[in-house]
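Worksheet: one structure, shown below.
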């Protein structure tokens with residue numbers, strides 16, 4: 001790992017975090033319901049893109065561009081974009097505001113739909 005690799009991953013992480021913040025704000029302006037839709041949509045769309053790009057990076061792009069592009073995009077941008085910790089915080093808020101069934105349902109649905117989105121993205125890339 002070089003200093004340039006660290007730079008690209010850090011830059012990607014910053015860009016991904018800004019994108020997550022902006023999408024979360026936009027979804028929050030449009031949707032006022034109790035379900036944490038912003039975090040859910042961000043994580044599912046990020047899982048889909050990670051699934052799709054992970055196939056491309058391992059099959060073809062790594063030979064052309066090396067490991068740095070995979071690290072900058074998958075670890076940096078998409079790592080900053082998706083958010084496991086926000087999902088946990090949202091589940092905690094649901095549990096306090098409503099009941100534990102809402103929180104458990106949100107976590108289960110998030111994980112299952114995220115896995116399905118990643119698998120679908122990988123399937124499309126093949």
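Even glycines carry a Cβ here, placed using N, Cα and C.
TrEMBL: automatically predicted annotations, no manual curation.
Annotated in TrEMBL:
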type	residues	note
BINDING	79, 82	Na(+) binding site
TRANSMEM	6-23	transmembrane segment
TRANSMEM	35-56	transmembrane segment
TRANSMEM	68-89	transmembrane segment
TRANSMEM	101-125	transmembrane segment
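Proximity of distant same-chain residues to the transmembrane segment (6-23), defined by a Cβ-Cβ separation under 8 Å and at least 6 residues beyond the stretch ends, is recorded for 38, 41-42, 68, 71-73, 75-83. In terms of local Cβ density within 10 Å, 82 ranks first among the binding-site residues 79, 82.
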